[in-house]
Amino acid sequence: MAATFFGEVVKAPCRAGTEDEEEEDEGRRETPEDREVRQQLARKREVRLLRRQTKTSLEVSLLEKYPCSKFIIAIGNNAVAFLSSFVMNSGVWEEVGCAKLWNEWCRTTDTIHLSSTEAFCVFYHLKSNPSVFLCQCSCYVAEDQQYQWLEKVFGSCPRKNMQITILTCRHVTDYKTSESTGSLPSPFLKALKTQNFKDPACCPLLEQPNIVHDLPAAVLSYCQVWKIPAILYLCYTDVMKLDLITVEAFKPLLSTRSLKGLVKNIPQSTEILKKLMTTNEIQSNIYT
């Protein structure tokens, strides 16, 4: 095989190597038992949306069933804690579904009776304005499950007249900069938005060559493809567990159009957040 550009290293074909590979391929041929195991695992890893009240699956995607104008998605413990304290306590929210999934990092099997310490992915809408949706997702959605999650939530042909806001965290060591990460004022916010998102961001935009990962990246890419206005707020922090300072780093979002009308009493919400942190510390303490 010829090189396609100067300096490219190419391997010459080797008959012996080809024969070895053919023997390995024969040894790797799938048996009926292997196929059955693979199919069982695939079924186990299917993402399902359920109504916990009725214990039934949603037959259509969430946003096909319910009209949506605004959708706020919190991914990870600190983002979830921010929405719980500042948004969910400022209005009456009704649960409309929850995601049931199983993978290497998320093994919650009983979605009907979730404890406060379990990983979860729950969807709500605002009773006074049912087109406003909120998702609290503290569980890990594996790479092979992300497309399923998007289909179950948005559907195969999503509406474009809605606005998506995503909140999540990454460790500060993932942030690429010419400076030392030790000198950065952690935690700090960066934003990344789709081409159709026209509102100003409440923090600086994420610079190249930084990238986003996992479910937040999948949601943002989906919105870019479908021309849905969406913005991701990414908090870089040196504390990935539930942390008061990291949660409060999301406070600039309270002035954005997405959240401005949803938060009524910031001092009261701050007190609720502190109580939430205290409860979490007590539950995490092995000596209590």
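The backbone N, Cα and C atoms fix where each Cβ goes, glycine too.
As written in Swiss-Prot, here are the features:
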| type | residues | note |
| --- | --- | --- |
| COMPBIAS | 26-37 | compositional bias 'Basic and acidic residues' |
| MOD_RES | ALA2 | N-acetylalanine |
| MOD_RES | THR18 | phosphothreonine |
| MOD_RES | THR54 | phosphothreonine |
| MOD_RES | SER180 | phosphoserine |
| MOD_RES | LYS264 | N6-acetyllysine |
| REGION | 1-37 | region 'Disordered' |
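Here the features listed in Swiss-Prot are placed on the structure.
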residue	record	Cβ neighbours (10 Å)
THR54	phosphothreonine	7
SER180	phosphoserine	7
LYS264	N6-acetyllysine	12
Report the DSSP secondary-structure composition of the compositional bias 'Basic and acidic residues' (26-37) as helix, strand and coil residue counts.
8 helix, 0 strand, 4 coil
Between LYS264 (N6-acetyllysine) and THR54 (phosphothreonine), how far is it from one CA atom to the other, in Å?
32
Compute the C-alpha separation of SER180 (phosphoserine) from THR54 (phosphothreonine), stating it in Å without decimals.
52
